[in-house]
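Below is one structure; the comments refer to it alone.
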Amino acid sequence: MPQTNKSRNAPTSDSWGSSVQGGASAKDTEPVSRRETAGEEGGGEGEDNVGDSEIIKSPSDPKQYRYIELDNGLRALLISDYSGPAEGEDSDEDDEGEEEEEEDESGEETEEDDEDRGSDDDEDYDHDGKNKKGNAEKQSAAALCVGVGSFSDPSDLPGLAHFLEHMVFLGSEKYPSENGFDSFLKKHGGSNNATTDCERTIFQFDVQRKSFKEALDRWAQFFICPLMIRDAIDREVEAVDSEYQLAKPSDSSRKEMLFGSLAKPGHPMGNFCWGNAQTLKQEPKKKKINVYKRLRAFWKKHYSAHYMTLAVQSKEKLDTLEEWVREIFSKVPNNGLPKPDFSDMPDPFETPAFNKLYRVVPVRKVHALNITWALPPQEKHYRVKPLHYISWLIGHEGTGSILSVLRKKCWALTLFGGNSESGFDQNTTYSIFSISITLTDEGFQNFYEVTHLVFQYLKMLQTLGPQQRIYEEIQRIEANEFHYQEQVDPIEYVDDICENMQRFPKEDFLTGDQLMFEFSPEVISAALSLLTPEKANLMLLSPEHEGQCPLREKWFDTQYSVEDIQQEWMERWTGSLELNSDLHLPAENKFIATDFTLKPSDCPDTEFPVRIADSDRGCLWYKKDNKFKIPKAYIRFHIISPVIQQSATNVVLFDLLVNILGHNLAEPAYEAEVAQLGYKLAAGEHGLAIKVKGFNHKLPLLFHLIIDHLADFSASPNVFIVYPFVSFCFSLLPSESLPSLDVRLLILEHSRWSMVEKYQALTAGLTIDKLMEFCRSFRTELYTEGLVQGNFSSAESVQFLQYVTDKLQFSKLPAEVPVIFRVVELPLKHHIFIFSVLPLISAAFFHVSLCRYHVYPTCRNTSGVLGFSVTVATQATKFNTELVELKIEEFLASFGETLNALTEEAFNTQVTALVKLKECEDTHLGEEVHRNWAEVVTQQYVFDRLYREIEALKQMTRAELVSWFQEHRGQNCRKLSVHVKEGEKGDITGSTYGEVSKLTFLPTSPKMAGAVAIMDIPAFTKDLPLFPYHKILE
């Protein structure tokens, strides 16, 4: 896939859906006309809310824009969502939203479950409390970009820019409370964040509209007169060091630091941008450096108004926003000093050390090959975007592509190519072009052949030259997306825009990172000509390099070795490199939409989905979109089978089936992905979830393609042996809290198969015959339930259900299959389960999770049975789990006292804040679909759940809350504690992808004397009563 860093029009490569970012004008689809510029378009704003006519925007964008420059040099873009004078008034136009982001594809509870292992049950109550209905206001948001970053770190204080980003938020002269801003935001439903890049630092926040002006004033003081409290230095150094510790096990961060170390001495690419306790505390103390004084000096020198850009968005008129910004931000000081400029330091990697082969030991048990070039800065060519054109072809996955050939050889799993546009990948000194390939075991053994194939493809591109047909096809795809672009959350939007203001001229603030404006074969050819073997850096990552890499990168301690690229291969690549007949350019894309007509309703409009088809083999829920008014749609089906949960082996076979189905679809469906049609297959606990989304014109083609491949499912021996096994092992790699989650659900949910049982079934020996037999069994008796929302008529929607039933040719279920587990009723006592994990979970869980403090309380819905929990992850070297449990109990006891002392006014404030969050309007159609799908996939069908929750909240009393809390504490408490400890590391055998852990049960310590230890899960649960299946009937 092409590597991208654009969030407004497409998910990232880690998200399901389209894999490329949108935005380009084309002959038949203009993204905007000058008559539809920012100041002249409707939305009911009226003559008194006129924006800036020079700023080009999408015709689908109802917002108004105005650019201003303050006397102190600060530049601001005002973004008005104003749709009328009534606060909280709903506006159809304002609601147009972006495609849904990657959502929580969870099992029977969504707080933590691994998305590919769940039943696709989207939890109704997330731990942020931000479920919402679509009839209230968006949040207001602001972001400010300072044109300085880690490149400006002094040589004797690495990480100072990052440290300042932390320190600047600790109170101001006007608002001296150290945590006052955070407290204010939490009280008013807001959030904030900040990031430090190579040449820019960005701060952002969002908050409820009514509190926006005060929040702006509080926030602006950090750039006017921050206190940067001296006594907080040590604590904030710990916070910076914690972020560094968190980054250490990240292979991407480790690669960046190793790559940066190859730069010329003295070039800022070699800077240690993170900072840690050593660089910001220990070393300065030895050298008698006054860090506080230097911090103040750095702020005074670099946080100057004349290289700050600000974006603010709210449902206020532009004149109001301008008045606020001028009043508040005119006080930001301007020191008159020139902005830091590093453009006179080009070619940082023009060194003998660059064009070598680096062997690296990764943290994750994966093989990967990275081929990287350091090019002259390319941002000046943003209207052509040569690297995007090249990455589109390099990252293509269709017939004739690099990945297609590698997959046929069973040498590679994934390929990403391009430039992420992060500060590391693109700055004023150079631009990266990188190709990253995840290899199989066999691909690792043949990595020179893999590299050879890449260079053959590049030679083909250089020989054929830039192709106008392909460039215009990319334009047309991205023009469609830009023309009908949906809105993201305001905090994400202003974050993007304030940075764009540093990069592009005024007219392209909204389009500079989105559109491909003009085809220039000269510019593209110039970039292509630099992608040669003699200028490439090869980095090969593999756990098999363990013990063979004597060198260590200074900051991340990455093990690596360096060697010359084999002369034989270099001579082949730099000589008369022969072309490969299996490689060719992609054919014309049949999935590109050309019909964007909004279809009239063919049945009465409804507020919630209605069932329009129902039989003994399936049913369909439908809702026509007349709110967001975009030519897009969502199709979702849950294909339920009773055979999945019959054994752990069946669960594994089902996983493999879905993995191979995805593998089989990868090539034929890739053209749909790049045409902004997204699809996702999820192996749930009780069925297969199929999701497609995008422009409705060609969406049926993609849906039919998926169903056809399921109906005609097959698996080649090579793919069965290599691809599914590796992918499934990856799916078993634990997320941050998976060890405790798996065990907790194993105890609570009746008949659930554990991760260990599934892994044992996988390694016991599965054959292709067993897989095909399971597939036949799976398809014999099914029940399918679908949801269609968006720009389809009801008549068209019914055809999707008909296609599924006709194509799969299944019989009805002999009995109804539950889509949730039954839950055991815990005894009235504290039960504790303590275990250690090794070796794989230790590496992934403890090194990722326990290198920092992580605490959150959450409401849980475990297969319909409610509960609440407190989860804490902390460094094992600092606190053991028993102490953590005692601290949780102390907190809950003190919280009970706080709750008892809560005033009616304080209680009502909390209720109002939660109601406001639930009333926050949907940003895009995907949010509404996500909520409705949760009701369908769990067969609850309470589509008005949010309205009911809001009404229940409004009727709740303080006394009821206190009483409920007391009832679930003390002697009446049904409490389960799960402790995860890091075990001794054993030998890893078998595939280099590692061995999934086994659980080691541990006894309780004397500190937990009052708890009953669970040493045998089946023995503990076998006689416990089961709650009935849960369903809300009224």
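Glycine is no exception: its Cβ is also placed from the backbone N, Cα and C atoms.
Going by TrEMBL, these are the annotated features:
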type     : residues : note
COMPBIAS : 1-22     : compositional bias 'Polar residues'
COMPBIAS : 27-38    : compositional bias 'Basic and acidic residues'
COMPBIAS : 42-51    : compositional bias 'Acidic residues'
COMPBIAS : 87-126   : compositional bias 'Acidic residues'
COMPBIAS : 127-136  : compositional bias 'Basic and acidic residues'
DOMAIN   : 136-265  : domain 'Peptidase M16 N-terminal'
DOMAIN   : 292-476  : domain 'Peptidase M16 C-terminal'
DOMAIN   : 482-724  : domain 'Peptidase M16 middle/third'
DOMAIN   : 853-933  : domain 'Coenzyme PQQ synthesis protein F-like C-terminal lobe'
REGION   : 1-63     : region 'Disordered'
REGION   : 79-137   : region 'Disordered'
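Per-residue pLDDT, averaged along the domain 'Peptidase M16 N-terminal' (136-265), amounts to 94 for this model. Relative to the domain 'Peptidase M16 N-terminal' (136-265), the listed stretch 292-476 leads the set 292-476, 482-724, 853-933 in CB pairs under 8 A. The domain 'Coenzyme PQQ synthesis protein F-like C-terminal lobe' (853-933): residue composition by secondary structure is 45 helix, 18 strand, 18 coil, according to DSSP.
Helix, strand and coil counts under DSSP for the domain 'Peptidase M16 N-terminal' (136-265) come to 63 helix, 22 strand, 45 coil.
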